[in-house]
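Participant: Provided herewith is a single structure, encoded as C-alpha cells, for subsequent inquiry.
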Amino acid sequence: MTIKQIAIKIFKSNLKRYLFYFLCNSFAVMVFFMFSTLLFNESLHRSKEIEEGISEAVMIPTVALLIFSIFFISYAHSAFIKGRKKEFGLFMTLGMSTKDIRKIILVENSIIAGASICLGIIAGSLFSRFFFLIIMSLIGVKSVSFELNLNSYLYSIGLFSLIFAIAVGGTMVVTSKFEIVKLLKEERTSKKNKHANPVMAAIAFIALLSTLYILFANFGTVPENDGQLLLFCTISIMITLYIMISQLGSFCLNIIKRRPSGYYRHLLLLTNLDYKFKQVKKIIYLITVMVIVTIFYIGFVLNIFLGAEKAATDLHPYDIAFVQTEIPFEKLSAMMDTKGNPITEHKTLEVSNYFDSANYNYRTVFVADDQLSAIANKPIQVDKGSYLILVQLNLQGKAERKRMVADIQQDLPNIGIHKLQSAMFGRLINSLNYIDNSLIVLNSADYQQLKNNSSEVQTAEIQLLNVKDWKNSKEAVMKLQEKLTAANKVTPEFANLIQRRLMTEQEFFQPGSKIGLYDYNKQGGGLVLYLVTFISILFFIATVIILLLRLFSELEDEKKNYKKLYKIGITEKEIRKIIAGELKILFFAAPLIGIGISLVYTSTFFKESGMNVEIYRSSLSISSVYLLFQLIYYFIVKRKYANQIIGD
C-alpha cells in the first residue's frame, strides 16, 4: 500500500475531523479574497466621491486580518495534528519511520490546502460582491463599481499558502521528536502547570495595575516620549497579563483555601477549575487581548463615526476657508454662491508670514488684533509693544499649555516686541495646512509696522465663508479645490516649507471645510468600523470554535469523572451546578479583564479632553454588545455541554 493510499483511507475513516479542518481553511481563503476586492479595486482609489486617504484605511483592518489568520490557521492545524498523534503512534509501531509520517502529513495537507483554496475562492467570488456593496452603501459612495482582478486571486492564494506552509513546516520539524509511547498515551496524559505559583500571580497582578497606572498618569505629560511610554507599557501589560492568567487558577485556589468553609463547599468546582485554567490559559489570554483591541479600537472608531458632525464644526468655525490666490474672489464666490445654497457670510483675514532669513524652513504667522476680533466675533485687544499667543488646540492640562507657550516663545523671531501679554487656547480659524496651530497676535499698529518695514514678511488673505447648508456644499468645495490647485503659485520660501512638511503643494493649499472633514470622518470611520467589526466577529467565532474544541476534546474524560462522582452520591443537579460554575469563569474571565484594560486605554488617550462621560459611551456600548453575545453563547454551550456529559 502506498503512502497516497494510506492517506486516502485515513481520510475516509476520519471524515468529520478532516471536514472541519477543511472548512476552517476554506473560510480563511474566502475572507482573504473578500478583503482583497477592496484592496485592489482601482475605481475605489480613483473615485472623487471618496475623500483622499480613505482608501488607505483598508490597510489597518487588513493587518488585523493577517494577525487573526495566522492565529486561526495555525491553531486549526495544531488541533488537527493533535487529534492524529495516536494514529501516528500506531503507524510507527507497525514500522513506519518519521520520514513516512512526514510524507503522510505532506500529502494530506497538500490535498486539503488545494481543496480549501478552490472552495474559498469560489465562495469569496460569490460573497465578495455583497460584502463590497454593503461597505459602499455604508460610506455613501455610489460611483465605485465592483471589480474582480488577478491581484485579488494572487493575494488570497499567496497569503494563505504562506501561512499554511509555515504551520505545516512547523509540524514537519516537530515530527523529529515523535516517540511511540508518548504518541499513544497523548490523550491520557494530563498537562500540569509546572510553574504553579500563587505568589507569582500576585506579583503579576500588582505589576499589571502599576503599569496601567503609570501609562494613565504619564501619557501626555511629555508628548515626545509618548510613543516610547506606550510601547513599553503595552509590552509590560501583555507580559504581566499572561503571567497573571497562567497562575490565576492556582492563585484563586490558594486564596479560597484560607477559608475552609468556602473551600470545602466548592471543592470540586475549584480544583477542576484550576485544572481547566492550566489547559486553556493560552486561549483565555488570546481572548483577553482580542477583547482589549476590539473594545478600544471599535469604540474609538465608533466615536469618530458618530461624532463626525461635531468634529467638523469644532475644527472649522466657518463652513469653508481657503487661501486667496491670483484668481479674483468674485469668480470664486460665484462658483460657491449657488441658488440653492447661497453664501450667507463672508470675512477676510490677512496674515503675515515671517520667514527667518537664515533658514526659510521656519516661519511665524502674525495677525492683527482688530482683524482677528472681527473673525472671532469677540473683542481681542493687544497692547502696543506686546504680543498675544493664539493656540488653536484643545489643551486641557495646565502643564501642557505652559509647555506649549514656552516652545512658541523660544522660536519667536526678533521683531523688537518681547512682552507676552497673554495666551489664548481655542479654535477661531478653520484648520488649514497653510496656517500653523499657533499664531502671534499683534496690536494693529505694530502689525502694520512689521508688514511695511520688513522684507522677510509675505502676506496672504484667508477667505472665510458660511453658506446656507454646509452639508450640501460638497460639489462646490470640490470645484473650488480644482480651481485653487490650478492657480496656486508658491515662492521659494513656501516651497522649502512644503518640502520640509512632506506635503504636496495641493495638500498645503487645500481648503478647510466642514463638509470635507465630515465626509472624511464618516467615510473613514464607517469603512474601518465595518471592516474591524467584521474581523472582530470572525475572531469571536474563531475563539468560540477553539474553546468548544478544547472543551469537547476532553468530553469522554469528563464523562468518566462525573460518572464516578454520580456513583458516590453527587446528584445531577449538583453536577450541572459545577459545570455552570466552571463555564461561567472560563467564558467571562477574559472579557471582563479585557474590557477593564481597554477602558484604561480609553481613559489614557482621552484624558486631555476633560474626561467627559460621552467618551466612554462608544466603548461601553461595544462592551455591552460583546457581553450579550458571550452570555447567549454561554447558555447554549452550558446546556449542550452538560447534556453531553450527563447523557442518559
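Any Cβ shown, glycine's included, is placed from N, Cα and C.
Automatic prediction, not curation, is the source of TrEMBL annotations.
A quick note: this is a predicted structure, and the numbers were derived from the prediction, not measured.
Straight from TrEMBL, here's the annotation block:
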- 18-38: transmembrane segment (TRANSMEM)
- 58-76: transmembrane segment (TRANSMEM)
- 63-168: domain 'ABC3 transporter permease C-terminal' (DOMAIN)
- 111-141: transmembrane segment (TRANSMEM)
- 153-175: transmembrane segment (TRANSMEM)
- 196-217: transmembrane segment (TRANSMEM)
- 229-256: transmembrane segment (TRANSMEM)
- 283-306: transmembrane segment (TRANSMEM)
- 527-552: transmembrane segment (TRANSMEM)
- 534-635: domain 'ABC3 transporter permease C-terminal' (DOMAIN)
- 585-603: transmembrane segment (TRANSMEM)
- 615-636: transmembrane segment (TRANSMEM)
Participant: State the residues, same chain only, that lie 6 or more residues beyond the ends of the transmembrane segment (18-38) and have a CB under 8 A from a CB inside it; answer 'none' if no residue qualifies.
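Facilitator: For the transmembrane segment (18-38), the far contacts come to 11, 44, 58, 61-62, 65, 69, 72-73, 76-77, 79-80, 108, 112-113, 115-117, 119-121, 123-125, 127-128, 131-132, 135, 146-148, 151-153, 155-157, 159-160, 163-164, 531, 538, 545.
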Participant: For the domain 'ABC3 transporter permease C-terminal' (534-635), jot down how many residues DSSP puts in helix, in strand and in coil.
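Facilitator: Its residues fall into 93 helix, 0 strand, 9 coil.
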Participant: Summarise the domain 'ABC3 transporter permease C-terminal' (63-168) as counts of helix, strand and coil residues per DSSP.
Facilitator: 89 helix, 0 strand, 17 coil
Participant: Compare 111-141, 153-175, 196-217, 283-306, 527-552 by their Cβ pairs under 8 Å to the transmembrane segment (585-603) and return the stretch that comes out on top.
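Facilitator: Comparing 111-141, 153-175, 196-217, 283-306, 527-552: 283-306 has the most Cβ pairs near the transmembrane segment (585-603).
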Participant: Could you tell me what the rest of the chain brings near the transmembrane segment (111-141), counting residues at least six beyond its ends with Cβ under 8 Å?
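Facilitator: Answer is 7, 11, 18, 21-22, 25-34, 37-38, 41, 47, 49-50, 54, 148, 153, 156-157, 160-161, 164, 522-523, 526-527, 530-531.
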Participant: Is the transmembrane segment (196-217) packed against any residues at least 6 beyond its ends, judged by a Cβ distance under 8 Å, and which are they?
Facilitator: 229-230, 233, 236-237, 240-241, 243-244, 247-248, 250-251, 253-255, 278, 597, 600-601, 603-604, 607
